[in-house]
Amino acid sequence: MALELTGPSLQDLKDRVDSNYEEIARAVIGRSAGFFVGSFGGGFLCDRFQRHVDLILVAFLCVAAVGTFIIPWCSVLPLLWFMFVLQGMSEGVLATGAHVVILRLWGEETAPSVYSLHLSYGIGAFLSPLVAKPFLSKSAPIPDGLKGGNMSLFANLSTHSPLDLQILQSTPAFETVFGALVSNITNNITHANSTSYVVSQSTIEYGYSIAGIALSVMIPFGLFFQIKRFPKVEIKIKDPTFVNIFSPGTCAEGDTVFGFKIFILLFLFYFHGIGGVEHSWGKYLFSFARESENHFSKDEAAVLNSVYWGGFCLGRISGVLFSKWVHPAVLLVIVLSGNITSSAILAFIGYRDRIVMWVFTFLFGVTVSVIFGACVAWTNHYMTVTGMAVGVLYIGTAAGGLLYQWLAGYLLQYYGPNAMMYMILACGVVAGGLFATMQFLMMTASVKDNEKDSVSDKESKNSVNEYELVNCDEKVEDMHKEDKV
């Protein structure tokens, strides 16, 4: 809920720091930079201090709460960037630590629990537009006669008090005569060619405070689990030194080269598939709806955001249900195909058709939500997933978000919403190709493993037979000795 408030409140934050989409995107990618550091450091900390994972989670819950409380009060881009860095760093450590806890508790039966963890993210993200909606600034179109230079006619009225403004807002002629006045007073119109004016000021700090309080409420639970010391199965890392923790061979039964190949591909998969697709769309959906030819109002865009996250939750619930019966590879093929299809339809039709926009935004959420958890389960099916391994997945996500969230803002500002959607579609296609490559490598490796297993079985059977023959010979000799005696 705290992380996804950025989407619906992005335009209000943009106005508060007096910037455009490309400039605010520079601040937003601060979260990805922090996420990169948090994922890397979180994986190492969780493997190095295995008995204190809950305490690590508590510490970074506190950091996340501080960043969330301060974000809406930032009036300059550098400070806003730093608060996003704090949020992202906390997100990286919390996500990595949560996966480590689940993997230790459930082992190979981890898939439903991983999907449940990601479902909780979807529920919070579904609530975030509803939390933000009452506190967003309200806007309305500028009458034709007041556009451009005519707005300066009302500059001398900018000294009116808030009480005067309330009286003006209650009059029928307000929207047609004094509409530009309020936008001038609140300084929320930053471009001469704006097509709307603000009729009520943003109070989004209340929405961020609700999310910050929710984060703070979780802190005692983390302390309880650290003190209570429930029995846990620790991930076995022989001699947890710096080298062993970071070695790809730790996850691939000692095969460092194979582990390195898979982790490079996993990094790139999460770079494009999560950082490029899921994070970019989640952050800019609200702005896409507003700037596209559909011209959604802020209230409509907030509801559209909730529809997307509602589909996201449904996808996560489906993942929990199907993970028991459907192989992760099959599930990934289905959702990646569905996501590419949804992206294509939104890119070529949805930007100008409201019904298509509503329907395929929901379907986009259903399909993209399953990708992260399904890939974790897929990796765990073939390899040993340690805290550092989970960190690699999140580092790929963070690096992708770092690039693609800035690129999405840049394209939206200078080339329009369609260009941003083409970028998301391209990321989905690349992710599909990367998964096909990984699956081929895993299938090849599993065939080799089966051949090795069959050879080792034959060797063990031969050794057993030799052992039995030797034992029989020894028994015969003993019988002869007994007869002689």
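Note that the numbers count up from 1, one per residue, in the order the chain is shown.
Placement of Cβ uses the backbone N, Cα and C atoms for every residue, glycine included.
Please treat TrEMBL annotations as automatic predictions, because they have not gone through curation.
As recorded in TrEMBL, the features of this protein are as follows:
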TRANSMEM  24-46  transmembrane segment
TRANSMEM  53-73  transmembrane segment
TRANSMEM  79-102  transmembrane segment
TRANSMEM  114-132  transmembrane segment
TRANSMEM  206-227  transmembrane segment
TRANSMEM  262-281  transmembrane segment
TRANSMEM  329-349  transmembrane segment
TRANSMEM  355-378  transmembrane segment
TRANSMEM  385-407  transmembrane segment
TRANSMEM  419-442  transmembrane segment
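Relative to the transmembrane segment (262-281), the listed stretch 419-442 leads the set 24-46, 53-73, 79-102, 355-378, 419-442 in CB pairs under 8 A.
Within its own chain, the transmembrane segment (355-378) is flanked in space by residues 99, 110-111, 114-115, 117-118, 122, 266, 269-270, 273-274, 277-278, 281, 285, 289, 292, 294, 304, 307-316, 318-319, 323, 328-329, 331-332, 335-336, 338-339, 342-343, 345-346, 349, 385, 390, 393, 397, 431, 435, which lie at least six positions past its ends and keep a Cβ under 8 Å from the stretch.
Across the candidate stretches 79-102, 114-132, 329-349, 385-407, the maximum count of CB pairs under 8 A to the transmembrane segment (53-73) is reached by 79-102. The stretch in closest packing with the transmembrane segment (114-132), judged by the count of Cβ pairs under 8 Å and taken from 24-46, 206-227, 329-349, 385-407, 419-442, is 206-227.
Same-chain residues lying 6 or more positions outside the transmembrane segment (206-227) and placing a CB less than 8 Å from one of its CB atoms are 1-2, 5, 9, 52, 54-55, 57-58, 61-62, 64-65, 68-69, 71-72, 128, 131-132, 134-135.
With a threshold of 8 Å between CB atoms, the same-chain residues lying at least 6 positions outside the transmembrane segment (79-102) that come near it are 2-3, 13, 17, 26-43, 45-47, 53-54, 56-57, 60-61, 63-64, 66-68, 70-71, 110, 113-114, 117, 232, 235, 376, 385-387, 390-391, 394, 398.
Taking residue pairs at least 6 apart in sequence, the transmembrane segment (419-442) and the transmembrane segment (24-46) share fewer than three C-beta contacts under 8 angstroms.
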